[in-house]
């Protein structure tokens, strides 16, 4: 009984942190008017770096894994760069797109994963797996046509972020495939975080001019921005921690089902909170994409 309660608590924390950071990002970047997605991502990566170290080195959530070679460090650095591109792209898209449409586009990750896996490893899936990707892409095309607040730049950023997320997943399997180089997700995050900060800091200072001074000025007028950023950044780390723990304490199938449902829950909650207009066409398109993702997961499972 206590194990079941613990697992339910983990899943609740995973859902809450995932949906919470998504909605808070949207609130800060659109509703609050904090129009600095690169700096926001920088705050996230700083929190992930510090809290990962505390969780591994002090709390001993997982054993510390060390980097064993310069080559391994370069591999992790490349993953960190792609990781920060995916997060920045996703945050930029939230400035222009409704959360519901952002989630619809994000659901196409399996399509990009299959494309990159084929291009980079020549790995072919069963024909049925590729067929299931048709509704995944078709659904987003339909949703785009029916999206009342469609924004071209936001859409491009969201597609780019989704593609980068898939690319990182495929590259991680290629670059860290040997037993001596494999890292669990918590150790990988601890090493990728500082790399992402090294990329994001100059980018934020150059592309979001005087963002530090503007943030300090905002904090003087409204101290709540500081608490929003601190809480949002801590929540971004908590997403990774709870994802790791849920993966550890449930089956792969349970995780797939929960992941598919999470996007739908985020869509419903965002519509209730932000009251963004939705169309029947848009929701039908999103439903088709989610159906395609479920069929894709099932096809992958059967082909193993």
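Numbers here mean position along the shown chain, with the first residue as 1.
Placement of Cβ uses the backbone N, Cα and C atoms for every residue, glycine included.
Keep in mind it's a predicted model, so treat the numbers as computed, not measured.
Feature annotations, reproduced from TrEMBL:
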type     : residues : note
TRANSMEM : 5-24     : transmembrane segment
DOMAIN   : 10-297   : domain 'Sugar phosphate transporter'
TRANSMEM : 36-61    : transmembrane segment
TRANSMEM : 73-94    : transmembrane segment
TRANSMEM : 100-120  : transmembrane segment
TRANSMEM : 127-144  : transmembrane segment
TRANSMEM : 150-167  : transmembrane segment
TRANSMEM : 188-205  : transmembrane segment
TRANSMEM : 225-246  : transmembrane segment
TRANSMEM : 253-274  : transmembrane segment
TRANSMEM : 280-297  : transmembrane segment
Q | Averaged pLDDT score, the domain 'Sugar phosphate transporter' (10-297) | A | 91
Q.
Should anything in the same chain at least six residues away from the transmembrane segment (280-297) have a Cβ under 8 Å from its Cβ atoms, list it; otherwise answer none.
A. 100-101, 103-104, 107-108, 110, 129, 132-148, 256, 260, 263-264, 267
Q) Under a criterion of three or more Cβ pairs within a distance under 8 Å and sequence separation of at least 6, are the transmembrane segment (5-24) and the transmembrane segment (150-167) in contact? A) no
(Q) I'm a bit unsure how to read this: which one of 100-120, 150-167, 225-246, 253-274 has the highest number of Cβ pairs shorter than 8 Å with the transmembrane segment (36-61)? (A) 225-246
(Q) Checking distant contacts: for the transmembrane segment (127-144), what same-chain residues at least six beyond its ends satisfy Cβ-Cβ under 8 A? (A) 101, 104-105, 107-108, 110-111, 114, 150, 155, 281-293, 295-296, 298-300, 302-303
Q) Does the transmembrane segment (253-274) make contact with the transmembrane segment (100-120) through 3 or more Cβ pairs under 8 Å, each pair 6 or more apart in sequence? A) yes
Q. Taking a Cβ cut-off under 8 Å, which residues six or more beyond the ends of the transmembrane segment (150-167) line up next to it in the same chain?
A. 82-83, 85-90, 92-93, 95-97, 101-102, 105-106, 108-113, 115-116, 144
